[in-house]
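Single-structure report; data block below.
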Amino acid sequence: MGPRIGPAGEVPQVPDKETKATMGTENTPGGKASPDPQDVRPSVFHNIKLFVLCHSLLQLAQLMISGYLKSSISTVEKRFGLSSQTSGLLASFNEVGNTALIVFVSYFGSRVHRPRMIGYGAILVALAGLLMTLPHFISEPYRYDNTSPEDMPQDFKASLCLPTTSAPASAPSNGNCSSYTETQHLSVVGIMFVAQTLLGVGGVPIQPFGISYIDDFAHNSNSPLYLGILFAVTMMGPGLAFGLGSLMLRLYVDINQMPEGGISLTIKDPRWVGAWWLGFLIAAGAVALAAIPYFFFPKEMPKEKRELQFRRKVLAVTDSPARKGKDSPSKQSPGESTKKQDGLVQIAPNLTVIQFIKVFPRVLLQTLRHPIFLLVVLSQVCLSSMAAGMATFLPKFLERQFSITASYANLLIGCLSFPSVIVGIVVGGVLVKRLHLGPVGCGALCLLGMLLCLFFSLPLFFIGCSSHQIAGITHQTSAHPGLELSPSCMEACSCPLDGFNPVCDPSTRVEYITPCHAGCSSWVVQDALDNSQVFYTNCSCVVEGNPVLAGSCDSTCSHLVVPFLLLVSLGSALACLTHTPSFMLILRGVKKEDKTLAVGIQFMFLRILAWMPSPVIHGSAIDTTCVHWALSCGRRAVCRYYNNDLLRNRFIGLQFFFKTGSVICFALVLAVLRQQDKEARTKESRSSPAVEQQLLVSGPGKKPEDSRV
């Protein structure tokens, strides 16, 4: 048997010089005693603090590349004609490969070189990020109207009300789609699904191996702080992803193949598509660089010196013969595949893959019988469902609800929401360490944080903008006759059914899908100092024939986006107070040998019950609020207009539902912990008089038989 970290109460051994030379590939030769730690001169990589730093940077880069898709989800929808349900499914495919392997990799992590496995996974994540950009390079240039973007005057003319004989030729319509066009669409979408799956597979070893590695070799009192720092730095990844998305989406999607005459779109145009693919290249490079140090960390490293000194001081007064006998690994017979300790089941470390598959269902069921483990995981499932839906669709929600650009929405989220998440995680970790919170204290902190989060979520139902009037869609034709989608005023026009070039009547604040649907037959460009403004004139369907302005109507309540996001950020910070204490409830509730497996089971449930279904659930709910769909080759593509009031109620309502579930679970956790604490004190008070009486009978120099206090 090679050197291993023993149960609580044993001093960990340090590999000898021969083993150190081959560390990570071979175990220590059986029977050889390890030298004292000061006899070994460890390299700079034999430092758990350095590992915490490197792992924080890697998880930051990993979440940056996975979070970048969420920052550009609405842009990808417009570029490839996807519904919110499909884009939510695309985002959740990150978890498919991860879920299929997480438990097995977590268990067999005790046999492999964990840092190197983390490095290999990071390399796969970087390659998946590069694959994610491939659809951009194999697709045709983006067409934002029925004409080529290389001819701006033709672009303006294509949307005018013109007789059928003089109308410009349109691009392939819904009834004129070739099989090649549909096949190409399916191919590029399929590539993105494969890339997302590989992204999840590569991330399998990163978090569970890193958490268990830190908790194995860090001082017990430092572990909460280290994990708090790890999670806090990690959460900067999505924040950087949204900041990167804000920059990239200000660039036109085909920046690498811009036409000579430029384009007629501006960033405020609803047809604008930013360079979503460019951020994946940058994030993939960051992950590849962060993976390099992991190939130099050892398989095992000595515990921190404070841990060794602490154990030497307390071993003599806390380790009873009964405890040593209970924790001794020699108590397990060679044929046993599992053993029960402290309510959880530990799998023997010498199982084969087939044996592991056979014994895992029983281990899983017995693990879930532990009430604290089950309730904490269920509460984290609710929190993760809320976080997955919010992270995936909050940028799109802000765009639609407050009529702001995708770039500005990402900037606000990156500057407000994610810093608050970091603050919440750090404060939670510091409170656990400074207050020396035990299980009951951790449970109380989790419940308090979620109750406050739920309270500050109530005003979100009432902060938002109603949908502006759209002729023929949301406009009441009974109040204003002649403004339906195909009125008699535009019968002579040859308006494309699938056209989309919105214009706004400033006097009535009514929006039309195209200038043709407003009956406009001409256009003018007014040059200004900073930009040019396009007006469409001679509009037969507009009241008094007023000119209409190119672009959607501006929202009258866009200023509410900042108060809305401040409340969201405050709720996120309060919810993240529970992050570190809930993890400590799981890590401190299992044996050291069970930690990797317990974390693996935890993440398996989070992915199966939260990160996989939640984006699809939120996307489906968003799709039900759509009032006008774009069509592509006869199929429903991207949504162009939503019912904003219904969108707000359903999106925030889902968030409120998951927060309520988390509050209920944490309340049950606290109740169970208090009951267990009460029973333990009662048992201790009852057993103390019996022990004292037995000591008097046995004499001062004898110990009571079968004492397990």
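Every residue gets a Cβ built from N, Cα and C, even glycine.
As recorded in Swiss-Prot:
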{"type": "DISULFID", "residues": "Cys489-Cys520", "note": "disulfide bond"}
{"type": "DISULFID", "residues": "Cys495-Cys516", "note": "disulfide bond"}
{"type": "DISULFID", "residues": "Cys504-Cys541", "note": "disulfide bond"}
{"type": "CARBOHYD", "residues": "Asn176", "note": "N-linked glycosylation site"}
{"type": "CARBOHYD", "residues": "Asn538", "note": "N-linked glycosylation site"}
{"type": "MOD_RES", "residues": "Thr318", "note": "phosphothreonine"}
{"type": "REGION", "residues": "1-38", "note": "region 'Disordered'"}
{"type": "REGION", "residues": "51-69", "note": "region 'Required for E1S and taurocholate transport'"}
{"type": "REGION", "residues": "319-342", "note": "region 'Disordered'"}
{"type": "REGION", "residues": "679-709", "note": "region 'Disordered'"}
{"type": "SITE", "residues": "His579", "note": "site 'Implicated in low-affinity site for E1S transport'"}
{"type": "SITE", "residues": "His618", "note": "site 'Implicated in high-affinity site for E1S transport'"}
{"type": "TOPO_DOM", "residues": "70-88", "note": "topological domain 'Extracellular'"}
{"type": "TOPO_DOM", "residues": "141-185", "note": "topological domain 'Extracellular'"}
{"type": "TOPO_DOM", "residues": "256-273", "note": "topological domain 'Extracellular'"}
{"type": "TOPO_DOM", "residues": "389-408", "note": "topological domain 'Extracellular'"}
{"type": "TOPO_DOM", "residues": "461-564", "note": "topological domain 'Extracellular'"}
{"type": "TOPO_DOM", "residues": "623-655", "note": "topological domain 'Extracellular'"}
{"type": "TRANSMEM", "residues": "50-69", "note": "transmembrane segment"}
{"type": "TRANSMEM", "residues": "89-109", "note": "transmembrane segment"}
{"type": "TRANSMEM", "residues": "116-140", "note": "transmembrane segment"}
{"type": "TRANSMEM", "residues": "186-215", "note": "transmembrane segment"}
{"type": "TRANSMEM", "residues": "235-255", "note": "transmembrane segment"}
{"type": "TRANSMEM", "residues": "274-298", "note": "transmembrane segment"}
{"type": "TRANSMEM", "residues": "367-388", "note": "transmembrane segment"}
{"type": "TRANSMEM", "residues": "409-432", "note": "transmembrane segment"}
{"type": "TRANSMEM", "residues": "437-460", "note": "transmembrane segment"}
{"type": "TRANSMEM", "residues": "565-587", "note": "transmembrane segment"}
{"type": "TRANSMEM", "residues": "597-622", "note": "transmembrane segment"}
{"type": "TRANSMEM", "residues": "656-673", "note": "transmembrane segment"}
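Features recorded in Swiss-Prot, as mapped to the structure shown.
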residue: Cys489; record: disulfide bond; CB count, 10 Å: 17
residue: Cys495; record: disulfide bond; CB count, 10 Å: 21
residue: Cys504; record: disulfide bond; CB count, 10 Å: 20
residue: Cys516; record: disulfide bond; CB count, 10 Å: 26
residue: Cys520; record: disulfide bond; CB count, 10 Å: 27
residue: Asn538; record: N-linked glycosylation site; CB count, 10 Å: 16
residue: Cys541; record: disulfide bond; CB count, 10 Å: 26
residue: His579; record: site 'Implicated in low-affinity site for E1S transport'; CB count, 10 Å: 24
residue: His618; record: site 'Implicated in high-affinity site for E1S transport'; CB count, 10 Å: 29
Distant-in-sequence neighbours of the transmembrane segment (50-69), which means Cβ under 8 A and at least six residues beyond its ends: 44, 76, 90-91, 94, 115, 118, 122, 125-126, 129, 132, 196, 199, 203, 206-207, 210, 213-214, 217-218, 226, 229-230, 233-238, 240-242, 244-245, 279-280, 283-284, 286-287, 289-291, 293-294, 297, 301, 391
Other parts of the chain folded back onto the transmembrane segment (409-432), taken as Cβ under 8 Å at six or more residues beyond its ends: 71, 224-225, 227-229, 231-233, 235-236, 238-243, 245-246, 249, 394-396, 398-399, 441-442, 445, 449, 561-562, 565-566, 568-570, 572-581, 584
Candidate nearest Cys495 (disulfide bond) in space, where candidates are the recorded positions Cys504, Cys520, Asn538, Cys541 and distance is Cα-Cα: Cys520
Seg_contact(the transmembrane segment (656-673), the transmembrane segment (186-215)) with at least 3 CB pairs under 8 angstroms, min sep 6: no
Interface check, the transmembrane segment (186-215) with the transmembrane segment (597-622), three or more C-beta pairs under 8 A: yes
Contact call for the transmembrane segment (565-587) against the transmembrane segment (274-298), three or more Cβ pairs under 8 Å: no
Secondary-structure category, per DSSP, in which Cys516 (disulfide bond) falls: coil
When distances run from the Cα of Cys489 (disulfide bond) to each of the recorded positions Cys504, Cys516, His618, the nearest one: Cys516
Rounded distance in angstrom between the Cα atoms of Asn538 (N-linked glycosylation site) and Cys516 (disulfide bond): 11
Those recorded positions, out of Cys504, Cys541, His579, His618, that come within 10 angstroms of Cys516 (disulfide bond) at the Cα: Cys541
For the transmembrane segment (367-388): best-contacting stretch of 235-255, 274-298, 597-622, by Cβ pairs under 8 Å: 597-622
Contacting positions for the transmembrane segment (437-460) when only residues 6+ beyond its ends and CB under 8 Å are counted: 372, 379, 424, 428, 431, 564, 567-568, 570-572, 574-578, 581-582, 584-585, 588-589, 648, 652, 655-656, 659-660, 662-663, 666-667, 669-670, 673-674, 677
Among Cys504, Cys541, His579, His618, which are recorded as recorded positions, the nearest neighbour of Cys520 (disulfide bond) by Cα: Cys541
